[in-house]
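TrEMBL annotations:
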type	residues	note
TRANSMEM	6-26	transmembrane segment
TRANSMEM	38-57	transmembrane segment
TRANSMEM	63-83	transmembrane segment
TRANSMEM	133-152	transmembrane segment
DOMAIN	274-341	domain 'Sphingomyelin synthase-like'
TRANSMEM	285-310	transmembrane segment
TRANSMEM	330-348	transmembrane segment
TRANSMEM	401-423	transmembrane segment
Amino acid sequence: MRWPAAKSGGLGVTAVAYVAIDYLRILSPTWHERLQPVLWSLLALAAVMRVPYYRHWSAEFRAAIPFLASMIFMLSALLFEALNVRFVTAVMGLDWHNARPPLPDTGQWLLLALNEKLPEAVVEILRAHIIGLHHYLMLFIMLAFSVLFDSVKAPGLGLGARYMFTMAVGRLLRAITFASTIVPSARPWCASSRYGIIPRHPHRWAQKYYVPYAADTEAIRQVIVRDMAYVDTSNYIADYRPDWGSMSFLIDFLRPTTSEGSSWYSLLKMAGGGCNDLVYSGHMLVAVLTAMAWTEAYGGYSSALIWLLVMHSAQREVRERHHYSIDCLVAIYVGILLWKMTGFIWSAKGGTRDSRLAKLGKIQGRLLQAAKDSDMDEVRELLKDVELGNQEGQKQGPSKVMWLFASGTIFFSLTIVILAFTWTSDG
């Protein structure tokens, strides 16, 4: 891969310093406590000093509405994801999770084999918790704020809007994907440790459509032939059903217990992570989007370093069995493709250099003739047309963002309504 050239090395050095100083929390907590406040103070002071000299406030104001719309879309997608995270674990009950072995993962086998072949120092580096989810988020924030130093193309809010919009689409697709087929956790004890008070028995949907056909070969053949759930399971094991008013349709998804709060919102606030929200990895999606943003907006060798950290995070997710190999691989594919598809929101290339070159190509003949005739007024007019055309292209960008945001919001809302109507009508 050819890395785009960075405008300066300052942002890359700052990123390396941030990751290195934060890793001191493991190597030397004392030095970490001393150096981290100094780093943040210097960065905040530098940013504040650059604010009066920032020249792109008009572009930032134009990008404010897409930024806010993308934020709302992302928060909605995260809420939808949180509901599904609880659902895919609670619907099967604790007994199913405790008895279900992990899937065979050749990526895990490979890492275990490499542990036997590689030097111990290399293995320890692969095991090290060098970077986590919050680091990738902070690296992106540093990237967006670097517009103050002209290290990244303005507007920073446009870059933020693209990041959040892409994240929202990725999270929405992820929730739909892992809720479609429930995959057993690579850590069999996960459900008991995180959701120890959910019912032990499966939900009535699973009792009717899954349990009778889960292990009996002949029953599976019959349900394929009949294409109908034919086993009589009318005597369901009942669940606790609190009064959540208009949100009572969520009871079948969340399966609350008497000790988990009086509302669906308080139940979700108690969540401490998922167990079966596997395909694909949400942590890896964040890492890949940060790396893609950094590569396009800044480039340089620091981008290559961030991609190395992404690969390190992927193997550690598999090594520690937070995810299967397929979860991390699919997250990398999806993250790269989604970022490529959302370039109309903000792009380091579009709207400036590329559009100007295209415009110049169209008027090249007229420009050369005006230069030969020493007609400087004509030359200035032609160059002014190029600049105005570029500004017009930039102003049209937010409208495209709003159209796509509206389409995504409509799709998201319709999905929730259809699923809620379908599943609640069964009861």
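Cβ coordinates come from backbone N, Cα and C, glycine included.
Automated prediction, rather than curation, is the source of TrEMBL annotations.
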If you run through the domain 'Sphingomyelin synthase-like' (274-341) with DSSP, how many residues end up as helix, strand and coil? 52 helix, 0 strand, 16 coil
Residues of the same chain, at least six outside the transmembrane segment (38-57), with any C-beta under 8 angstroms of its C-beta? 14, 17-18, 21, 142, 145, 147-149, 154-155
Lying 6 or more residues past either end of the transmembrane segment (330-348) yet within Cβ distance under 8 Å of it, the residues of that chain are 4, 63, 66, 70, 152-153, 155, 158-159, 161-162, 165-166, 169-170, 173-174, 279-285, 287-289, 292-293, 296-297, 310, 314, 397, 400-401, 404
Long-range neighbours of the transmembrane segment (285-310), counting only residues six or more past its ends (CB under 8 A): 1, 3-7, 9, 11-12, 15-16, 19, 130-131, 133, 136-137, 139-140, 143, 146, 151-153, 159, 162-163, 166-167, 170-171, 174, 331-332, 334-336, 338-339, 347-349
